[in-house]
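Take a look at the structure below.
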Amino acid sequence: MLYKPVSIGGLLLSGNIFLAPVAGYSDKAFRSICVDCGADFTYTEMVSSEALVRDSDKTESLIGRAPNEKAYAVQIFGSNPEYMAKTAVIIAEKYSPECIDINSGCPMAKITKNGAGSALMTDIPLLYRIVKAVNDAMAPYKIPVTLKIRSGFTADKLNWKEAASAAIDAGVKMLTLHPRTRSQVYSGKADWNILAELVQFAKPYQIPIFGSGDLFSPEDAKKMLEETGCAGIMFARGAMGNPFIFTQTRELLTNGTYGEISTEQKIRTGFKELIFLCDEKGEEKGCREMRKRFAAYTKGIPDGSRLRQELVQASTIAEYKAIIQSAFNISCF
């Protein structure tokens, strides 16, 4: 059975199709839309431990639970075990997420230059101390700690096994692997063979292994589950402008087929996300951020190129509405 419940420590989830943490994207608005469209579990975008310990209002705005999120995880990043543990406690006490996730996979230079993200793959003892500190801090709250890693920092240093072993020893309750190196960023192909090897390596420890990387369709998800034996998958870029991928994947895994999404459904969902985003961040910022997101919703629809050119100029909800109604004769409300 490819679609199935999954246990993360003491947390039992009904399905194994997750939304990955995506920087600049996985805010409350997008996560809420993904839950509506069938995501079984969602992750926030990564939160700086140093910023949160300094009481950054901007950072706290990333963490809140969406109204329809029955279960979600907050992802944190940093290179200081003490700060990471303090951050986890702040989050546990204020937001009560179901999981705390540690980022050891982000390839962006602004993160790795400070020793965080995938830079932790170059210092396995530090990775162990961070996971151990966060896990110990979360024990009183009974919040499981999860970890996302890459295959390694460079192609000549594929140390995913060492990272996984250290994390398991430190008490992690789930591992997610994006089987690319940091130096690849998102280029080339994700090596699912490494994911399959990690699944076999982790079997004696009985913790779920999730896969991420090159998942852009329900068929991709099915193939990863079949070829690697992983416990579940996380959609990242594949869900951008296409949150329907969660329900479609569940349908494919359970029924062998899935329904297509109409142009009207895509546009209505995009507009709904716009409203959520503006409610959360204000109309000016919400409309500005939604330009790239709405462009993603319009991919593959008739005359989508012209529509994208108009949408990237929109600055108010009224302008979005006028453009949409003119193009499709769709009432947004």
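Our numbering is plain: 1 for the first residue shown, then up by one each step along the chain.
Using the three backbone atoms N, Cα and C, a Cβ is placed for every residue, glycine included.
Keep in mind that what you see is a predicted model, and the values were worked out from it rather than measured.
If you look up TrEMBL, you'll see 19-325 marked as domain 'DUS-like FMN-binding'.
According to TrEMBL, the feature FMN binding site maps to Q75, K148, H178, A236, R237. The number of other Cβ atoms within 10 Å of the Cβ belonging to H178 (FMN binding site), over all protein chains shown, comes to 27.
According to TrEMBL, the feature active site, proton donor maps to C106. The number of other Cβ atoms within 10 Å of the Cβ belonging to C106 (active site, proton donor), over all protein chains shown, comes to 24.
For the FMN site, whose annotated binding residues are Q75, K148, H178, A236, R237, the maximal Cα to Cα separation is 17 Å. The distance from the Cα of Q75 (FMN binding site) to the Cα of C106 (active site, proton donor) comes to 11 Å.
Following the DSSP three-state reduction, the secondary structure of H178 (FMN binding site) is strand.
Neighbours of A236 (FMN binding site), defined as other CB atoms within 10 A of its CB across all chains, total 22. Considering other CB atoms within 10 Å as the measure, the emptiest surroundings among the binding-site residues K148, R237 are those of R237.
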